[in-house]
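Feature list (source: TrEMBL):
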type	residues	note
TRANSMEM	5-20	transmembrane segment
TRANSMEM	40-62	transmembrane segment
TRANSMEM	83-111	transmembrane segment
COILED	159-186	coiled coil
TRANSMEM	203-222	transmembrane segment
TRANSMEM	234-253	transmembrane segment
TRANSMEM	265-294	transmembrane segment
TRANSMEM	306-326	transmembrane segment
TRANSMEM	388-412	transmembrane segment
Amino acid sequence: LYSIILFCVFLWIPFVYFYYEEKEEDDGHTCSQVKTALKYTLGFITVCAVLLLIGAFVPLNIPNKKNSTEWEKVKLLFEEFGSSHGLTALSFSISSLTVIGMLAAITYTAYGMSALPLNLIKGTTSATYERLENTEDIEEVEQHLLRIKSKCRDGRPLSSRDRRAVQQLEERLRTLRRRERHLESIEKSWWTKFCEAIRPLKIVWGVFFIIVALLFTVSLFLSNLDKALHSAGFDSGFIILGTNLTNPLNMLLPVLQTVFPLDYILITTIVMYFIFTSMAGIRNMGIWFFWIRLYKIRRGKTRPQALLFLCMILLLIVLHTSYMIYSLAPQYVMYGSQKYLVQLAINTSVYGQNMSSFFHLFCVNEYYLPSFLDQCIVTRTYLFLHKFWFFSAAYYFGNWAFIAVFLIGLIVSCCKGKKSVIEGEVDEDDSDMSDDELSVYY
């Protein structure tokens, strides 16, 4: 599955993207478009090959710290993972993509976790009210245009300042008229009437989503705080083998694992939640490269290249979700519902014989006994995620950034008013888009 993800990210999606780019720029033969797309895709394949080579030969023998038992345990975990260069190369490549997915999750998922529920709770403005306001704006702009053009009735040319003003006002008027067509279509749409009917259900879902978001944030904060207080530090990737500060998800998942498949259902729900919030964040923000907005995601008008970018971003975010689940429930990912055997001597005797008792304790228990930790088998998933300590350190700091962006997004979403009913549908920079088929989308 990881290899399929590498194939999609480094070969298939780039090839289709550049094919569409070439198709828009050149109306030539398909063969030339395929050749050009393959030429650009070769760069992505080269990057993938470099990552695989670095992962296969990167040295992992990090100097050991003296008098650091936690570090020795971490080093034993690395050695237990095995010496397979192919698996190490795959782990390095996937970890590199996961770091990119972490940046995407910080940008889109963290904001979507706050924007989605609050937008559901607040709702949107009335289409009728917006249309009345838009009509007033149209009349105001038309009057302003008439006042400026009235200056040249006697044959005198307009000044350069007035010509610029006329051009800006005409562009503004075109945008307002496009808004009016959209608002009229939405006002008559059956979908708008249906959304108004299920408004109470939207509020309930919004409250539920904000509670889940706060639960995830608190769990992530406690997990990161535990690493900050009890791990061996930066050189070990902030890895800890026990749990000193537990959280609700860390306690719930091992219990659900005892009844198949309740834990899988919860994990699937968590992953779907991250996907929905990520899509909400991308929908509200658009696709950006640093400070440059590349594409907008809009119903019925999204370009094929934007959809490909959307698929790639969601793939990378799902990759990062693997580590996010570890951050939310570290002991579950590390040991699952395993138990270890403890023998305790009882200071009583029955018929003159000393008695001893055996107990089975969960490996996920926060009061684990380190002397019995060798009875617990660490999962392959945990070792795959922590093959390289520097990636673990990057994920640790990324979690703090995720929490910070979520809190900032929550404050911004609370301060913002209701969204427009045609939010993002009509902008001045896309006035060339056709509105001939509005009834199809509304």
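The backbone N, Cα and C atoms fix where each Cβ goes, and this holds for glycine too.
TrEMBL entries are annotated by machine, without manual review.
Here the transmembrane segment (83-111) touches the transmembrane segment (5-20). Their Cβ atoms form 3 or more pairs under 8 Å, with each pair 6 or more residues apart. Remark: the transmembrane segment (203-222) makes no contact with the transmembrane segment (5-20), by the rule of 3 or more CB pairs under 8 A. Only sequence-distant pairs (6 or more apart) were considered; of these, fewer than three Cβ pairs between the transmembrane segment (388-412) and the transmembrane segment (265-294) are under 8 A, so the stretches are not in contact.
Residues 104-105, 107-113, 115-116, 119, 209, 212-213, 252-253, 256, 306, 309-310, 313-314, 317-318, 321, 324-325, 328, 424 of the same chain sit 6 or more residues outside the transmembrane segment (265-294) yet have a Cβ under 8 Å from a Cβ within it. Confidence annotation: the coiled coil (159-186) carries a mean pLDDT of 81 in the model.
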